[in-house]
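If you check TrEMBL, you get these features:
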type	residues	note
DOMAIN	664-756	domain 'DYW'
REPEAT	115-149	repeat 'PPR'
REPEAT	216-250	repeat 'PPR'
REPEAT	317-347	repeat 'PPR'
REPEAT	348-382	repeat 'PPR'
REPEAT	418-448	repeat 'PPR'
REPEAT	449-483	repeat 'PPR'
REPEAT	484-519	repeat 'PPR'
């Protein structure tokens, strides 16, 4: 026998709840006033209660208004005192969808000595309306009235518990069930398994399950549900295999629960085995079951089978359609997902969020924002998941204005502002270059987790606040929050962007010695970047050679980038050769190597690489810059003339160039690898996308407004110099997020200290 607690009646103290929760409605006007004083007329002839015409009327009652009329009539005719009438009135109030528990209690309160049936019915009624604390108080009154619980009391008490109630009262109710001898009652056992699962104490739930006879499929289903609730999907799958060996025949509920676990595990083999229960006519299909099948196949990437199942369904709902949309979106087939999304007869916030997430998955952020605006036009209320998705799109586009609007919307409309939303806000502010607001959101979050700390560390590092990032990491450790591999990527990036080589070496070593985290390829890439940027190219190469895993193109790319900074053409050739072998279509590598050759005046090498590019059909990735203005994201490519304000932009660019030259600027054409005339080289750097975006920003914003730009490639030397001068001459803060980091230009200097 499992007896984890002392079965003392006094353990259920419930001191934090007062009886007025139940009694507060005792004097409600909905109760007939004659109840307390009326008595049956003595001369009125009484029929046997079973034959009285009021009984069928009570059984066919449809609403509280009808019930009140019948109730009043029973009082007038003297039949209210009969237990059958009282039971039927209370039963309607407690179990009917139109029932009223306040009214039920007032009838109940006038019964001198209620029996078990009435007490249990009242407890069941409070469970039905999720008023479990009232049910527990009523149970205490029942004990005080010397009425002992029976087989129905504890199942009704435990049914439908929410997590907070389960945590507060569950164990004490378990004690009572043991004391009164109901620990072997199947329905009580099922209720206790569910209760412990809600509390997260799955081992206790399994302990009770193991004591059960296991002949009832409902018990298995409750245990499956418990494992799914705590995300132990492997245990659900193993338990199902045990159930098949028993054997106990599954129900449609069983199949749905185990399919859900297969979906999370992407276990196609077991999923197909479950499907055979349906196709073999052992289980009658229904909408919920068919939706679970579609979800399992979609999660496993089997969209052909998911679609076949979807097409033969006799009835579909919004979940069916959304699952198909999400399945195609997760496979990257976002246009096909959009086709089904547009065909949906009904769409809810989950459907819209699934489609928005599909666009995010393939980096089509502007389309995600367009879809969100359409959602707003149709007055579909977004939830916290939608907010996280839109904040992610804003972060990638650098759309701070829209991100700020989302923050206001969350506050104004009381959207659930949980840790996920808070983390997304922190990430958005950092990726838009607003460090101060990211700090503020983090400090105001009611609960922060490991991902909150990591977002702050990475964000501070990328925005040039490396030392603050490392201090925050120390605070994280003092708060006993265990870092993970992503946290350490942020820490090493902080060292990289601030040139803290010795500190980086120490942190890299402490990953394993202090926290047992084995460095992965990303950490080695950070170390190569750290050492390479600091000029330790040979040590960086040794790190690559001694890696326990094969270096990827990103690791070699870090070394190639360092060779560009320090103009080491020989090592650059070595790194580039490795990258081209790993990723022969990576156009950025060829261009970077050409830049290095151009900077080192190695024109023969440059021509060879250009010929190789031509032979292989490799094209240079065009530079692209985004800038948000008045809630709209504007996009520029190098030499762009498609923007509606092109004429004004180039006029402003000419004006900027004149102003900058008066301040001592001259174009840096060292990285222009084309063998063309000098004036053409100047023209090439003059039309870079960042400069077009800066000119656009100066035209369309007032004095003192920060200009924020997102660049798809690394900033070139010339654009970096121009941005510094623009920030000084026009008294503007210019923030540029390039492929590797942020550059905060203010008063003629950059936060990177020219270390990029």
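Using the three backbone atoms N, Cα and C, a Cβ is placed for every residue, glycine included.
Values in this document were obtained by computation on a predicted structure and should not be read as measured data.
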Who are the chain neighbours of the repeat 'PPR' (418-448) in space, where the CB to CB distance is under 8 Å and they lie at least 6 residues beyond its ends? 384, 387-388, 391-392, 394-396, 398-400, 403, 407, 410, 455-456, 458-460, 462-463, 465, 706, 708, 735, 737, 742, 744
Where else in the chain does the repeat 'PPR' (216-250) make close Cβ contacts, counting only residues six or more beyond its ends and a cut-off under 8 Å? 186, 189-190, 193-194, 196-198, 200, 202, 205-206, 209, 257-258, 260-262, 264-265, 267, 270, 277, 282-283
Same-chain residues near the repeat 'PPR' (348-382), Cβ under 8 Å, at least 6 residues beyond its ends: 318, 321-322, 325-326, 328-330, 332, 334, 337-338, 341, 389-390, 392-394, 396-397, 399, 402, 413, 415, 633, 635
Contact set of the repeat 'PPR' (317-347) with the rest of its chain, CB cutoff 8 A exclusive, min separation 6+ beyond the ends, reads 287, 290-291, 294-295, 297-299, 301, 303, 306-307, 310, 354-355, 357-359, 361-362, 364, 380
Non-local residues, at least 6 beyond the ends, that sit with Cβ under 8 Å of the repeat 'PPR' (484-519): 450, 453-454, 457-458, 460-462, 464, 466-467, 469-470, 473, 476, 526-527, 529-531, 533-534, 536, 741, 752, 755
DSSP tally for the repeat 'PPR' (484-519), helix/strand/coil in that order, comes to 29 helix, 0 strand, 7 coil
With helix taken as DSSP H, G or I, strand as E or B and everything else coil, how many residues of the repeat 'PPR' (348-382) land in each class? 26 helix, 0 strand, 9 coil
Secondary structure content, the repeat 'PPR' (216-250) (per DSSP, counts of residues): 26 helix, 0 strand, 9 coil
Per-state residue totals over the repeat 'PPR' (418-448) - DSSP helix, strand, coil: 23 helix, 0 strand, 8 coil
